[in-house]
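Features as listed in TrEMBL:
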DOMAIN    1-263  domain 'F-BAR'
COILED    130-174  coiled coil
DOMAIN    339-416  domain 'REM-1'
COILED    346-380  coiled coil
REGION    418-477  region 'Disordered'
COMPBIAS  418-432  compositional bias 'Basic and acidic residues'
DOMAIN    480-541  domain 'SH3'
Amino acid sequence: MSWGTELWDQFDSLDKHTQWGIDFLERYAKFVKERIEIEQNYAKQLRNLVKKYCPKRSSKDEEPRFTSCIAFFNILNELNDYAGQREVVAEEMAHRVYGELMRYAHDLKTERKMHLQEGRKAQQYLDMCWKQMDNSKKKFERECREAEKAQQSYERLDNDTNATKADVEKAKQQLNLRTHMADENKNEYAAQLQNFNGEQHKHFYVVIPQIYKQLQEMDERRTIKLSECYRGFADSERKVIPIISKCLEGMILAAKSVDERRDSQMVVDSFKSGFEPPGDFPFEDYSQHIYRTISDGTISASKQESGKMDAKTTVGKAKGKLWLFGKKPKGPALEDFSHLPPEQRRKKLQQRIDELNRELQKESDQKEALNKMKDVYEKNPQMGDPGSLQPKLAETMNNIDRLRMEIHKNEAWLSEVEGKTGGRGDRRHSSDINHLVTQGRESPEGSYTDDANQEVRGPPQQHGHHNEFDDEFEDDDPLPAIGHCKAIYPFDGHNEGTLAMKEGEVLYIIEEDKGDGWTRARRQNGEEGYVPTSYIDVTLEKNSKAVLHKLSF
(Lines of atoms letter the chains of each structure in order from A and count residues from 1; the text may use other names and numbers.)
(Lines give C-alpha, C1' and ligand atoms only; values in the text may rest on other atoms or scores of the structure.)
Protein backbone atom coordinates (compact mmCIF):
# COMPACT_ATOMS: atom_id res chain seq x y z
CA MET A 1 0.00 0.00 0.00
CA SER A 2 1.50 3.26 -1.19
CA TRP A 3 0.12 6.74 -1.32
CA GLY A 4 1.99 7.36 -4.58
CA THR A 5 0.08 4.70 -6.50
CA GLU A 6 -3.22 4.69 -4.64
CA LEU A 7 -3.60 8.44 -4.13
CA TRP A 8 -1.79 9.82 -7.21
CA ASP A 9 -4.56 12.38 -7.82
CA GLN A 10 -5.25 13.37 -4.16
CA PHE A 11 -2.58 16.00 -3.59
CA ASP A 12 -4.97 18.43 -1.91
CA SER A 13 -6.42 15.70 0.31
CA LEU A 14 -2.95 14.66 1.42
CA ASP A 15 -2.13 18.28 2.09
CA LYS A 16 -5.12 18.55 4.43
CA HIS A 17 -4.44 15.17 6.07
CA THR A 18 -0.82 15.95 6.93
CA GLN A 19 -1.89 19.31 8.34
CA TRP A 20 -4.49 17.56 10.47
CA GLY A 21 -1.82 15.15 11.73
CA ILE A 22 0.40 18.01 12.89
CA ASP A 23 -2.59 19.76 14.50
CA PHE A 24 -3.45 16.56 16.35
CA LEU A 25 0.15 16.22 17.53
CA GLU A 26 0.11 19.75 18.88
CA ARG A 27 -3.26 19.17 20.50
CA TYR A 28 -1.87 16.15 22.34
CA ALA A 29 1.17 18.21 23.37
CA LYS A 30 -1.21 20.81 24.81
CA PHE A 31 -2.98 18.04 26.72
CA VAL A 32 0.33 16.85 28.19
CA LYS A 33 1.23 20.41 29.15
CA GLU A 34 -2.04 20.84 31.04
CA ARG A 35 -1.49 17.48 32.74
CA ILE A 36 1.98 18.67 33.82
CA GLU A 37 0.46 21.84 35.26
CA ILE A 38 -2.08 19.75 37.16
CA GLU A 39 0.69 17.57 38.61
CA GLN A 40 2.76 20.61 39.57
CA ASN A 41 -0.19 22.34 41.21
CA TYR A 42 -1.16 19.12 42.97
CA ALA A 43 2.36 18.68 44.34
CA LYS A 44 2.49 22.33 45.39
CA GLN A 45 -0.86 22.10 47.18
CA LEU A 46 0.25 18.90 48.93
CA ARG A 47 3.45 20.55 50.12
CA ASN A 48 1.53 23.59 51.35
CA LEU A 49 -0.85 21.26 53.16
CA VAL A 50 2.03 19.43 54.82
CA LYS A 51 3.68 22.72 55.76
CA LYS A 52 0.43 24.01 57.20
CA TYR A 53 -0.08 21.04 59.52
CA CYS A 54 3.54 20.33 60.41
CA PRO A 55 4.39 21.39 63.97
CA LYS A 56 6.26 24.63 64.40
CA ARG A 57 8.56 23.60 67.22
CA SER A 58 10.77 26.15 68.90
CA SER A 59 12.07 23.96 71.72
CA LYS A 60 12.43 20.31 72.64
CA ASP A 61 9.59 20.61 75.15
CA GLU A 62 7.15 21.10 72.27
CA GLU A 63 8.20 18.00 70.37
CA PRO A 64 5.40 15.50 69.80
CA ARG A 65 5.51 12.56 72.18
CA PHE A 66 2.17 10.84 71.81
CA THR A 67 2.16 7.96 69.35
CA SER A 68 -0.90 9.34 67.60
CA CYS A 69 0.89 12.67 67.04
CA ILE A 70 4.11 11.01 65.93
CA ALA A 71 2.14 8.80 63.53
CA PHE A 72 0.40 11.85 62.07
CA PHE A 73 3.70 13.65 61.56
CA ASN A 74 5.14 10.52 59.93
CA ILE A 75 2.13 10.51 57.61
CA LEU A 76 2.84 14.15 56.79
CA ASN A 77 6.44 13.26 55.96
CA GLU A 78 5.29 10.42 53.72
CA LEU A 79 2.79 12.76 52.07
CA ASN A 80 5.60 15.24 51.47
CA ASP A 81 7.58 12.46 49.78
CA TYR A 82 4.47 11.59 47.78
CA ALA A 83 4.27 15.21 46.62
CA GLY A 84 7.89 14.94 45.57
CA GLN A 85 7.02 11.96 43.40
CA ARG A 86 4.24 13.94 41.74
CA GLU A 87 6.86 16.55 40.91
CA VAL A 88 9.04 13.79 39.46
CA VAL A 89 6.11 12.72 37.27
CA ALA A 90 5.66 16.30 36.05
CA GLU A 91 9.37 16.69 35.30
CA GLU A 92 9.51 13.37 33.46
CA MET A 93 6.48 14.25 31.35
CA ALA A 94 7.84 17.70 30.60
CA HIS A 95 11.21 16.35 29.49
CA ARG A 96 10.31 13.05 27.87
CA VAL A 97 6.87 13.80 26.38
CA TYR A 98 6.04 17.48 26.08
CA GLY A 99 9.50 18.71 25.15
CA GLU A 100 9.96 15.90 22.65
CA LEU A 101 6.55 16.56 21.09
CA MET A 102 7.23 20.26 20.61
CA ARG A 103 10.61 19.62 18.98
CA TYR A 104 9.17 16.93 16.73
CA ALA A 105 6.20 19.10 15.73
CA HIS A 106 8.59 21.84 14.63
CA ASP A 107 10.65 19.38 12.57
CA LEU A 108 7.48 17.87 11.14
CA LYS A 109 6.20 21.22 9.93
CA THR A 110 9.50 21.95 8.21
CA GLU A 111 9.58 18.54 6.50
CA ARG A 112 5.95 18.74 5.40
CA LYS A 113 6.48 22.19 3.92
CA MET A 114 9.46 20.96 1.94
CA HIS A 115 7.62 17.94 0.51
CA LEU A 116 4.56 19.96 -0.46
CA GLN A 117 6.74 22.55 -2.17
CA GLU A 118 8.37 19.79 -4.20
CA GLY A 119 4.94 18.47 -5.18
CA ARG A 120 3.73 21.91 -6.20
CA LYS A 121 6.88 22.50 -8.24
CA ALA A 122 6.38 19.19 -10.05
CA GLN A 123 2.75 20.06 -10.74
CA GLN A 124 3.73 23.51 -12.00
CA TYR A 125 6.34 22.00 -14.33
CA LEU A 126 3.77 19.55 -15.70
CA ASP A 127 1.30 22.37 -16.21
CA MET A 128 3.97 24.33 -18.09
CA CYS A 129 4.59 21.33 -20.38
CA TRP A 130 0.92 21.00 -20.96
CA LYS A 131 0.62 24.67 -21.91
CA GLN A 132 3.49 24.39 -24.34
CA MET A 133 1.88 21.34 -25.93
CA ASP A 134 -1.48 23.01 -26.02
CA ASN A 135 -0.04 26.16 -27.63
CA SER A 136 1.69 24.11 -30.34
CA LYS A 137 -1.53 22.22 -30.89
CA LYS A 138 -3.56 25.39 -31.30
CA LYS A 139 -0.93 26.87 -33.60
CA PHE A 140 -0.93 23.71 -35.70
CA GLU A 141 -4.69 23.80 -35.84
CA ARG A 142 -4.66 27.46 -36.90
CA GLU A 143 -2.09 26.87 -39.66
CA CYS A 144 -4.09 23.93 -40.93
CA ARG A 145 -7.15 26.14 -41.27
CA GLU A 146 -5.10 28.81 -43.05
CA ALA A 147 -3.68 26.18 -45.42
CA GLU A 148 -7.16 24.88 -46.10
CA LYS A 149 -8.37 28.42 -46.95
CA ALA A 150 -5.38 28.95 -49.21
CA GLN A 151 -6.19 25.70 -51.06
CA GLN A 152 -9.82 26.72 -51.51
CA SER A 153 -8.74 30.15 -52.84
CA TYR A 154 -6.27 28.53 -55.26
CA GLU A 155 -8.88 26.08 -56.54
CA ARG A 156 -11.40 28.88 -57.06
CA LEU A 157 -8.98 31.00 -59.01
CA ASP A 158 -7.76 28.03 -61.01
CA ASN A 159 -11.31 27.24 -62.14
CA ASP A 160 -12.16 30.87 -62.81
CA THR A 161 -11.64 31.66 -66.54
CA ASN A 162 -11.52 35.34 -65.87
CA ALA A 163 -8.65 35.04 -63.35
CA THR A 164 -5.28 36.02 -64.59
CA LYS A 165 -2.35 33.69 -64.57
CA ALA A 166 -0.57 35.91 -62.08
CA ASP A 167 -3.40 35.64 -59.58
CA VAL A 168 -3.44 31.89 -59.97
CA GLU A 169 0.30 31.72 -59.48
CA LYS A 170 0.10 33.92 -56.42
CA ALA A 171 -2.65 31.78 -54.88
CA LYS A 172 -0.56 28.70 -55.56
CA GLN A 173 2.45 30.18 -53.78
CA GLN A 174 0.27 31.14 -50.81
CA LEU A 175 -1.01 27.57 -50.66
CA ASN A 176 2.47 26.15 -50.68
CA LEU A 177 3.53 28.55 -47.91
CA ARG A 178 0.58 27.69 -45.72
CA THR A 179 1.03 24.01 -46.32
CA HIS A 180 4.69 24.27 -45.36
CA MET A 181 3.88 26.18 -42.16
CA ALA A 182 1.20 23.66 -41.27
CA ASP A 183 3.74 20.86 -41.65
CA GLU A 184 6.20 22.70 -39.40
CA ASN A 185 3.56 23.29 -36.73
CA LYS A 186 2.55 19.70 -37.03
CA ASN A 187 6.05 18.59 -36.27
CA GLU A 188 6.26 21.07 -33.39
CA TYR A 189 2.98 19.87 -31.99
CA ALA A 190 4.10 16.26 -32.25
CA ALA A 191 7.31 17.03 -30.43
CA GLN A 192 5.57 18.96 -27.68
CA LEU A 193 2.99 16.23 -27.35
CA GLN A 194 5.67 13.61 -27.01
CA ASN A 195 7.53 15.71 -24.45
CA PHE A 196 4.36 16.34 -22.46
CA ASN A 197 3.44 12.68 -22.42
CA GLY A 198 6.89 11.82 -21.17
CA GLU A 199 6.81 14.47 -18.43
CA GLN A 200 3.30 13.44 -17.46
CA HIS A 201 4.34 9.83 -17.15
CA LYS A 202 7.36 10.84 -15.12
CA HIS A 203 5.20 13.07 -12.97
CA PHE A 204 2.58 10.48 -12.08
CA TYR A 205 4.82 7.42 -11.93
CA VAL A 206 8.09 8.77 -10.56
CA VAL A 207 7.99 12.26 -9.05
CA ILE A 208 4.62 12.25 -7.35
CA PRO A 209 4.98 8.70 -5.95
CA GLN A 210 8.35 9.70 -4.48
CA ILE A 211 6.92 12.83 -2.88
CA TYR A 212 3.85 11.02 -1.62
CA LYS A 213 6.06 8.24 -0.26
CA GLN A 214 8.00 10.79 1.74
CA LEU A 215 4.75 12.30 3.01
CA GLN A 216 3.53 8.83 3.93
CA GLU A 217 6.74 8.05 5.83
CA MET A 218 6.51 11.39 7.58
CA ASP A 219 2.94 10.69 8.65
CA GLU A 220 3.83 7.20 9.83
CA ARG A 221 6.74 8.57 11.86
CA ARG A 222 4.32 11.03 13.41
CA THR A 223 2.06 8.14 14.37
CA ILE A 224 5.00 6.21 15.83
CA LYS A 225 6.11 9.27 17.78
CA LEU A 226 2.62 9.60 19.22
CA SER A 227 2.73 5.95 20.26
CA GLU A 228 6.10 6.47 21.95
CA CYS A 229 4.78 9.55 23.74
CA TYR A 230 1.71 7.64 24.90
CA ARG A 231 4.04 4.99 26.32
CA GLY A 232 6.31 7.60 27.88
CA PHE A 233 3.28 9.30 29.39
CA ALA A 234 2.35 6.06 31.13
CA ASP A 235 5.95 5.16 32.03
CA SER A 236 6.40 8.50 33.78
CA GLU A 237 3.64 7.45 36.14
CA ARG A 238 4.68 3.83 36.40
CA LYS A 239 8.28 4.61 37.40
CA VAL A 240 7.19 6.31 40.61
CA ILE A 241 4.61 3.68 41.58
CA PRO A 242 7.13 1.66 43.71
CA ILE A 243 8.14 4.76 45.64
CA ILE A 244 4.54 5.88 46.00
CA SER A 245 3.72 2.40 47.27
CA LYS A 246 6.46 2.76 49.87
CA CYS A 247 4.99 6.10 50.91
CA LEU A 248 1.58 4.50 51.33
CA GLU A 249 3.13 1.59 53.22
CA GLY A 250 4.84 4.12 55.47
CA MET A 251 1.45 5.69 56.19
CA ILE A 252 0.03 2.27 57.05
CA LEU A 253 2.96 1.52 59.35
CA ALA A 254 2.49 4.91 60.99
CA ALA A 255 -1.17 4.05 61.58
CA LYS A 256 -0.19 0.68 63.09
CA SER A 257 2.33 2.38 65.41
CA VAL A 258 -0.41 4.18 67.33
CA ASP A 259 -0.49 2.75 70.86
CA GLU A 260 -3.31 3.99 73.06
CA ARG A 261 -1.80 2.42 76.19
CA ARG A 262 1.48 4.19 75.66
CA ASP A 263 -0.29 7.51 75.08
CA SER A 264 -2.22 7.05 78.30
CA GLN A 265 1.01 6.32 80.15
CA MET A 266 2.54 9.47 78.65
CA VAL A 267 -0.35 11.50 80.02
CA VAL A 268 0.42 10.06 83.44
CA ASP A 269 4.14 10.74 83.09
CA SER A 270 3.54 14.28 81.87
CA PHE A 271 1.15 15.42 84.56
CA LYS A 272 1.87 13.19 87.56
CA SER A 273 2.84 15.37 90.53
CA GLY A 274 4.00 12.67 92.96
CA PHE A 275 1.94 14.07 95.83
CA GLU A 276 -0.45 11.97 97.85
CA PRO A 277 -4.15 12.89 97.74
CA PRO A 278 -5.15 15.27 100.55
CA GLY A 279 -6.30 13.66 103.76
CA ASP A 280 -9.60 14.11 105.57
CA PHE A 281 -10.30 17.41 107.24
CA PRO A 282 -10.62 17.05 111.03
CA PHE A 283 -13.86 17.82 112.78
CA GLU A 284 -13.72 21.10 114.67
CA ASP A 285 -16.15 21.06 117.61
CA TYR A 286 -17.05 24.66 118.39
CA SER A 287 -19.74 23.61 120.93
CA GLN A 288 -17.31 22.40 123.64
CA HIS A 289 -17.41 25.70 125.55
CA ILE A 290 -21.17 25.29 126.03
CA TYR A 291 -20.85 22.00 127.96
CA ARG A 292 -17.66 22.60 129.91
CA THR A 293 -18.02 22.91 133.72
CA ILE A 294 -16.40 25.33 136.06
CA SER A 295 -14.26 22.61 137.63
CA ASP A 296 -12.52 21.57 134.40
CA GLY A 297 -12.76 24.86 132.57
CA THR A 298 -9.04 25.55 132.56
CA ILE A 299 -8.13 22.07 131.41
CA SER A 300 -10.83 22.02 128.72
CA ALA A 301 -9.79 25.40 127.49
CA SER A 302 -6.18 24.31 127.16
CA LYS A 303 -7.25 21.15 125.34
CA GLN A 304 -9.52 23.15 123.09
CA GLU A 305 -6.76 25.56 122.24
CA SER A 306 -4.33 22.75 121.51
CA GLY A 307 -6.98 20.96 119.48
CA LYS A 308 -7.65 24.06 117.45
CA MET A 309 -3.96 24.58 116.94
CA ASP A 310 -3.51 21.02 115.68
CA ALA A 311 -6.53 21.31 113.45
CA LYS A 312 -5.30 24.53 111.97
CA THR A 313 -1.90 23.03 111.43
CA THR A 314 -3.42 20.01 109.69
CA VAL A 315 -5.68 22.15 107.58
CA GLY A 316 -2.78 24.38 106.71
CA LYS A 317 -0.78 21.42 105.54
CA ALA A 318 -3.70 20.15 103.52
CA LYS A 319 -4.24 23.56 101.97
CA GLY A 320 -0.63 23.63 101.02
CA LYS A 321 -1.26 20.70 98.67
CA LEU A 322 -4.55 21.85 97.23
CA TRP A 323 -2.78 23.77 94.45
CA LEU A 324 -2.21 20.48 92.70
CA PHE A 325 -5.87 20.31 91.85
CA GLY A 326 -6.36 23.99 91.14
CA LYS A 327 -4.13 26.68 89.76
CA LYS A 328 -0.41 26.16 90.24
CA PRO A 329 1.42 28.91 92.07
CA LYS A 330 3.22 31.28 89.75
CA GLY A 331 6.89 32.02 90.33
CA PRO A 332 10.29 32.07 88.70
CA ALA A 333 11.75 28.76 87.56
CA LEU A 334 14.45 27.62 90.00
CA GLU A 335 17.70 25.92 89.05
CA ASP A 336 16.91 22.78 91.01
CA PHE A 337 13.29 22.70 89.71
CA SER A 338 12.03 22.80 93.28
CA HIS A 339 9.09 24.84 92.01
CA LEU A 340 7.80 21.68 90.25
CA PRO A 341 5.98 18.70 91.77
CA PRO A 342 8.29 15.83 92.80
CA GLU A 343 7.65 13.59 89.80
CA GLN A 344 8.05 16.39 87.27
CA ARG A 345 11.11 17.64 89.11
CA ARG A 346 12.65 14.18 88.93
CA LYS A 347 12.06 14.00 85.19
CA LYS A 348 13.54 17.44 84.58
CA LEU A 349 16.61 16.67 86.65
CA GLN A 350 17.11 13.35 84.89
CA GLN A 351 16.86 15.06 81.49
CA ARG A 352 19.41 17.67 82.53
CA ILE A 353 21.77 14.98 83.84
CA ASP A 354 21.50 13.07 80.57
CA GLU A 355 22.32 16.22 78.60
CA LEU A 356 25.27 17.02 80.85
CA ASN A 357 26.55 13.45 80.49
CA ARG A 358 26.41 13.77 76.71
CA GLU A 359 28.32 17.03 76.87
CA LEU A 360 30.84 15.42 79.23
CA GLN A 361 31.33 12.52 76.84
CA LYS A 362 31.93 14.98 74.00
CA GLU A 363 34.48 16.94 76.01
CA SER A 364 36.20 13.71 77.09
CA ASP A 365 36.48 12.60 73.46
CA GLN A 366 37.92 15.98 72.57
CA LYS A 367 40.43 15.72 75.42
CA GLU A 368 41.50 12.27 74.22
CA ALA A 369 41.90 13.55 70.67
CA LEU A 370 43.99 16.51 71.84
CA ASN A 371 46.21 14.23 73.91
CA LYS A 372 46.76 11.98 70.91
CA MET A 373 47.58 14.98 68.76
CA LYS A 374 49.96 16.25 71.44
CA ASP A 375 51.74 12.89 71.48
CA VAL A 376 52.10 13.01 67.70
CA TYR A 377 53.54 16.54 67.88
CA GLU A 378 55.97 15.47 70.60
CA LYS A 379 57.19 12.52 68.52
CA ASN A 380 57.25 14.54 65.29
CA PRO A 381 58.01 18.20 66.12
CA GLN A 382 57.98 19.15 62.45
CA MET A 383 54.22 18.49 62.37
CA GLY A 384 53.42 21.07 65.04
CA ASP A 385 54.20 22.60 68.41
CA PRO A 386 52.85 20.56 71.35
CA GLY A 387 52.66 23.71 73.45
CA SER A 388 50.09 25.21 71.10
CA LEU A 389 47.59 22.59 72.26
CA GLN A 390 48.00 23.38 75.94
CA PRO A 391 45.43 26.26 76.07
CA LYS A 392 42.86 24.09 74.37
CA LEU A 393 43.63 21.20 76.71
CA ALA A 394 43.30 23.48 79.71
CA GLU A 395 39.99 24.81 78.44
CA THR A 396 38.75 21.25 77.85
CA MET A 397 39.83 20.19 81.35
CA ASN A 398 38.00 23.18 82.85
CA ASN A 399 34.90 22.26 80.88
CA ILE A 400 35.15 18.67 82.08
CA ASP A 401 35.55 19.83 85.70
CA ARG A 402 32.60 22.18 85.36
CA LEU A 403 30.39 19.51 83.79
CA ARG A 404 31.30 16.95 86.44
CA MET A 405 30.45 19.39 89.20
CA GLU A 406 27.16 20.20 87.48
CA ILE A 407 26.36 16.49 87.16
CA HIS A 408 27.37 16.00 90.79
CA LYS A 409 25.07 18.82 91.92
CA ASN A 410 22.09 17.71 89.84
CA GLU A 411 22.45 14.10 90.90
CA ALA A 412 22.46 15.21 94.53
CA TRP A 413 19.18 16.99 93.90
CA LEU A 414 17.85 13.91 92.12
CA SER A 415 18.88 11.70 95.04
CA GLU A 416 17.12 14.11 97.36
CA VAL A 417 13.93 13.83 95.29
CA GLU A 418 14.08 10.06 95.14
CA GLY A 419 14.91 9.79 98.83
CA LYS A 420 17.98 7.68 98.20
CA THR A 421 20.11 8.90 101.06
CA GLY A 422 20.66 5.66 102.90
CA GLY A 423 22.85 3.96 100.34
CA ARG A 424 26.20 5.22 101.59
CA GLY A 425 27.39 1.85 102.92
CA ASP A 426 26.46 0.05 99.73
CA ARG A 427 28.14 2.63 97.53
CA ARG A 428 31.38 2.38 99.50
CA HIS A 429 31.82 -1.21 98.39
CA SER A 430 31.40 -0.41 94.70
CA SER A 431 34.97 0.79 94.19
CA ASP A 432 35.67 -2.06 91.80
CA ILE A 433 33.32 -0.51 89.23
CA ASN A 434 35.35 1.71 86.91
CA HIS A 435 33.42 2.79 83.85
CA LEU A 436 32.30 6.03 82.27
CA VAL A 437 28.78 7.02 83.09
CA THR A 438 26.51 8.01 80.24
CA GLN A 439 22.96 7.68 81.46
CA GLY A 440 22.84 6.74 85.15
CA ARG A 441 23.93 8.66 88.21
CA GLU A 442 27.23 6.86 88.91
CA SER A 443 29.27 10.06 89.45
CA PRO A 444 30.98 11.66 92.49
CA GLU A 445 27.72 11.89 94.38
CA GLY A 446 27.67 8.10 94.43
CA SER A 447 29.79 8.28 97.64
CA TYR A 448 27.60 9.77 100.25
CA THR A 449 28.93 11.90 103.13
CA ASP A 450 27.39 12.51 106.50
CA ASP A 451 24.99 15.01 104.94
CA ALA A 452 23.11 14.24 101.79
CA ASN A 453 23.53 17.82 100.60
CA GLN A 454 27.16 18.17 101.65
CA GLU A 455 28.45 16.47 98.48
CA VAL A 456 27.58 19.45 96.32
CA ARG A 457 26.63 22.30 98.56
CA GLY A 458 29.64 22.22 100.92
CA PRO A 459 29.99 21.39 104.63
CA PRO A 460 26.86 21.14 106.77
CA GLN A 461 27.69 24.26 108.75
CA GLN A 462 27.31 26.39 105.57
CA HIS A 463 23.57 25.68 105.45
CA GLY A 464 21.03 27.31 107.64
CA HIS A 465 18.97 24.13 108.14
CA HIS A 466 19.31 20.36 108.62
CA ASN A 467 17.07 17.74 107.11
CA GLU A 468 15.90 14.63 108.80
CA PHE A 469 18.77 12.59 107.37
CA ASP A 470 21.50 14.75 108.94
CA ASP A 471 20.80 13.40 112.40
CA GLU A 472 20.91 9.85 111.11
CA PHE A 473 24.52 10.04 109.88
CA GLU A 474 26.08 12.87 111.87
CA ASP A 475 27.56 10.46 114.45
CA ASP A 476 29.21 8.15 111.88
CA ASP A 477 32.99 7.72 111.98
CA PRO A 478 35.10 9.18 109.13
CA LEU A 479 35.62 6.93 106.14
CA PRO A 480 38.78 4.79 106.45
CA ALA A 481 41.71 5.54 104.15
CA ILE A 482 42.22 2.94 101.43
CA GLY A 483 45.46 4.37 100.04
CA HIS A 484 47.36 7.55 99.43
CA CYS A 485 48.09 9.84 96.51
CA LYS A 486 50.62 12.45 95.50
CA ALA A 487 49.62 15.58 93.61
CA ILE A 488 51.26 15.77 90.19
CA TYR A 489 49.74 19.18 89.36
CA PRO A 490 48.34 21.91 91.62
CA PHE A 491 44.54 22.18 91.85
CA ASP A 492 42.70 25.35 92.98
CA GLY A 493 39.47 23.66 94.07
CA HIS A 494 37.25 26.72 93.69
CA ASN A 495 34.06 24.70 93.17
CA GLU A 496 32.05 23.43 96.11
CA GLY A 497 32.88 19.90 97.22
CA THR A 498 36.41 19.99 95.80
CA LEU A 499 39.67 19.96 97.73
CA ALA A 500 42.52 22.29 96.81
CA MET A 501 46.01 20.80 96.72
CA LYS A 502 49.57 21.80 95.91
CA GLU A 503 52.01 20.03 93.62
CA GLY A 504 53.76 17.24 95.53
CA GLU A 505 51.23 17.24 98.40
CA VAL A 506 50.36 13.77 99.81
CA LEU A 507 46.74 13.00 100.71
CA TYR A 508 44.69 10.09 101.99
CA ILE A 509 42.45 8.25 99.49
CA ILE A 510 39.11 7.53 101.10
CA GLU A 511 37.16 6.65 97.95
CA GLU A 512 38.29 5.57 94.50
CA ASP A 513 37.31 7.10 91.16
CA LYS A 514 33.93 5.71 90.12
CA GLY A 515 34.64 6.43 86.46
CA ASP A 516 33.66 10.10 86.51
CA GLY A 517 37.25 11.42 86.81
CA TRP A 518 37.06 12.41 90.51
CA THR A 519 38.72 10.82 93.56
CA ARG A 520 37.73 11.56 97.13
CA ALA A 521 40.68 12.51 99.33
CA ARG A 522 41.40 13.79 102.86
CA ARG A 523 44.20 15.78 104.42
CA GLN A 524 45.80 14.94 107.75
CA ASN A 525 43.77 17.74 109.36
CA GLY A 526 40.54 15.94 108.38
CA GLU A 527 39.54 18.23 105.49
CA GLU A 528 37.88 16.18 102.71
CA GLY A 529 36.85 16.78 99.11
CA TYR A 530 37.12 15.62 95.52
CA VAL A 531 40.26 16.06 93.40
CA PRO A 532 40.74 15.31 89.67
CA THR A 533 42.03 11.78 89.22
CA SER A 534 44.24 12.91 86.33
CA TYR A 535 46.05 15.33 88.67
CA ILE A 536 47.27 12.72 91.19
CA ASP A 537 49.38 9.56 91.39
CA VAL A 538 47.29 7.01 93.33
CA THR A 539 48.68 4.15 95.44
CA LEU A 540 46.18 1.82 97.11
CA GLU A 541 47.57 0.04 100.19
CA LYS A 542 46.17 -1.62 103.25
CA ASN A 543 48.33 0.32 105.72
CA SER A 544 48.15 3.68 103.98
CA LYS A 545 48.47 5.73 107.18
CA ALA A 546 51.86 4.27 107.98
CA VAL A 547 53.00 4.87 104.43
CA LEU A 548 51.70 8.42 104.49
CA HIS A 549 53.51 9.02 107.79
CA LYS A 550 56.66 7.61 106.23
CA LEU A 551 56.35 9.79 103.14
CA SER A 552 55.72 12.93 105.20
CA PHE A 553 59.11 12.54 106.85
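Yeah, the Cβs are placed from backbone N, Cα and C, and that goes for glycine too.
Secondary structure counts, DSSP: the domain 'SH3' (480-541) has 3 helix, 29 strand, 30 coil. Long-range neighbours of the coiled coil (130-174) within the same chain, counting only residues 6 or more positions beyond its ends whose Cβ lies under 8 Å from a Cβ of the stretch, are 181-182, 184-186, 188-189, 191-193, 195-196, 200. With DSSP classes pooled into helix, strand and coil, the tally for the domain 'REM-1' (339-416) is 72 helix, 0 strand, 6 coil.
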